[in-house]
Amino acid sequence: MPLGLGRRKKAPPLVENEEAEPGRGGLGVGEPGPLGGGGAGGPHMGLPPPPPALRPRLVFHTQLAHGSPTGRIEGFTNVKELYGKIAEAFRLPAAEVMFCTLNTHKVDMDKLLGGQIGLEDFIFAHVKGQRKEVEVFKSEEALGLTITDNGAGYAFIKRIKEGSVIDHIQLISVGDMIEAINGQSLLGCRHYEVARLLKELPRGRTFTLKLTEPRKAFDMIGVRSGGGRPGSGPQLGTGRGTLRLRSRGPATVEDVPSAFEEKAIEKVDDLLESYMGIRDTELAATMVELGKDKRNPDELAEALDERLGDFAFPDEFVFDVWGAIGDAKVGRF
């Protein structure tokens, strides 16, 4: 049977390289404490968190990216719970945490925390800074944005294409959270939903973006660059295991991805950007996991429909994902 025929609602691909990517009980700053309890995720995010006794007992060190003492967090199973733990550690509202980077305080999208954290990774939390409102004239169909989201309701800019419409607007930067378009709130929207709204804006018209940028550091560089753990402990990022955070079900401790998985995830993430304008390593990893044992593209399409049906991936995209996974298996990258 032809791929997707009669089974799936087909959505046309978005413009290439265009917009869209995809708790309580926290510990005090620098203070050890018991394993945390329930999470901050909403009821629509999948299965409830497992009992505390079944959670991986792992402690991570964290700082605010603009500068802070070092906090210790544990007991989270998904990104929302992680943000809740960070917020409690630094006595902040959880909604203030925009996104996290691993092993760097900089707004470095290559170090963005996605679905996996190395067991020795140091977490830097970027919180809300200055809000701004920008008028944009859409002179081209493609604005030149790649969008991702933090897994907890905030979509933000991951890349700006050089020479694009947005590239010429100095007030808009990588890391800016897109709070609203023309007064329509985007809080709680996924990256692909924001991308679709941006794509559907009429060419030749002006629209308004309400943005929030990450809080910038001033003279706090010394605090952050010291960023390692005190004493003679292991260096950051040297652990061979990772904590895999899932939107459905408990977090699991896994080995680092194999060479095949790394290559396949990278290629599928590139395809997500090319077809849908989004970057989302967690989504890419889920797709590779679903596809690595499938015998043909139709089986992959059925698995994607069952697990990720909300995305309505176009058939040609599924074919390319199947090819990317197959190429990675035989080392053709």
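Quick reminder: no glycine exception, Cβ is built from N, Cα and C everywhere.
Feature annotation from TrEMBL assigns region 'Disordered' to 1-55, 222-242. Per TrEMBL, compositional bias 'Basic residues' is recorded for 1-11. Summarising the annotation, TrEMBL assigns compositional bias 'Gly residues' to 23-44, 224-240. Per TrEMBL, the feature domain 'PDZ' maps to 133-213.
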Q) Given the model, what does the mean pLDDT over the domain 'PDZ' (133-213) come out as? A) 93
Q) Counting by DSSP, what is the helix, strand and coil composition of the domain 'PDZ' (133-213)? A) 13 helix, 31 strand, 37 coil
